[in-house]
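As structure tokens, the structure follows; a few thoughts come after it.
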Amino acid sequence: MKVVVIGAGVVGLSTAVCIQETYASCDVTVMSEKFPPEDIVSLVAGGLVVGTRGEFDTSDRIRAFIDTANYFTRLSFAENYQVHGVQMIDGCYCMATETYGEQLSEELMPISAASFRKVVPMSADECRDVMPYKPCSGWHVTSVCVDTRRYLPYLLNKFHRNGGHIKRCKVHSFSQVAQEYDVIINCTGLGSRELARDSNMYPVKGQLLKMETDKKVTDFLYFMNLSVKSDGSHTNFYYIPHGNEVVVGGSYDPDVENRSVDADLSRELEAMARQLHPVMKTGRVVKEYTGLRPVRRGILRIDKKIEVVDGKRTVIIHNYGQSQDGVAMSWGSALQVIELLAPELRINSRL
Ligand SMILES: Cc1cc2nc3c(=O)[nH]c(=O)nc-3n(C[C@H](O)[C@H](O)[C@H](O)COP(=O)(O)OP(=O)(O)OC[C@H]3O[C@@H](n4cnc5c(N)ncnc54)[C@H](O)[C@@H]3O)c2cc1C
């Protein structure tokens, strides 16, 4: 069966490799306007696997987080970090509260916590040490962090080794590929605004910086909603190690499409990183950059549609809108596509 996956971000490449590994009879092509290491939002991500709670936490959404966290945990032990960029690290997951060290309900824990190796509430003193500027509470956790600059090439190599094909082009409509392939899988992220004509998709700009440090930073901090504005924009503060570098972020600006860097925000993030971590005190900022999260109003879209395109039965599976959690949901989303694909293999084998 001939399958085309449109999109070569973390969602598309995970889906393509997952299909190859599950259904050896599928001949898989990844078709995309851009491939790693080009400018793709998946390469901007901090890559922390936490799992943001949402208004629409369906069982499928929760399952995608847990399956992905379990997959990355296995991968972190299976091969070398230099090869795939996936590591287990200790860190603190915190949020602003009225006083330091308040008792938080379990419902505030990140979804992926179900597969974290450690989740221990922080004492008031520990919270004060981590964030002296704002009362907060949180947990010590051991989670997974993915350096997508290593992980995406790892997936792409795996896809080639499994016999996959790639084609570089922009897809303007599904009819462009319907005649050549039995199944089309749409993993175009924000590109689905046009390709799937989905008006629920919108960009949320995020800004980050990368620091180089003399010693390795070996822990992470994720502080939710450090400052929140009435328009829904907010600034989180996080630092996440990627090998010898540290990613420091970041902003969350809904409906902002321009990708210019705000120099004031960069200096704020830099100052905070220097104050909060002894190793970053003498770090050098090597890059300041932005990306647009592919956010979907409501919930991410993983579903299957059967359409007749130019007289041919065409199966279209959508897998996009992972919003601020595309890395943390990538493999779990791919596993849900596998379930939707299974009946098509049976139908195809009877033809
Ligand atoms: C600042 C920032 C920090 C983040 N931090 C985290 C984090 O810590 N953890 C986490 O889980 N997530 C994080 N994210 C979110 C994460 O980056 C995204 O959810 C994820 O990368 C989405 O992946 P994707 O494959 O759906 O989309 P993309 O990476 O955007 O890939 C889409 C692909 O589709 C292709 N494409 C689009 N339209 C077409 C078309 N018409 N024809 C052909 N090809 C097309 C593109 O070229 C690209 O290859 C962060 C995002 C930002 C901006």
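Positions of Cβ are set from backbone N, Cα and C atoms, glycine also.
Per TrEMBL, the feature signal peptide maps to 1-16. According to TrEMBL, the feature domain 'FAD dependent oxidoreductase' maps to 2-339. According to TrEMBL, the FAD binding site annotation covers VAL171, THR188. What TrEMBL lists as D-dopa binding site is TYR238, ARG293.
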Practice task
Could you tell me which of the binding-site residues VAL171, TYR238, ARG293 have their C-beta within a distance under 6 angstroms of some atom of ligand 1?
Solution key: VAL171, ARG293
Practice task
Round to the nearest Å and give the CA-to-CA distance linking ARG293 (D-dopa binding site) with VAL171 (FAD binding site).
Solution key: 20
Completion exercise
Close in space but at least six residues away in sequence, with Cβ under 8 Å from that of THR188 (FAD binding site), the same-chain residues are ILE6, GLY7, GLY12, VAL171, LEU195, ALA196, TYR320
Handout entry: Other CB atoms within 10 A, centred on ARG293 (D-dopa binding site)
Key = 22
Exercise for the section: Indicate whether THR188 (FAD binding site) is helix, strand or coil by DSSP. Expected result: coil
Fill in the blank from the handout: Cβ contacts within 10 Å for TYR238 (D-dopa binding site), all chains included, total 25
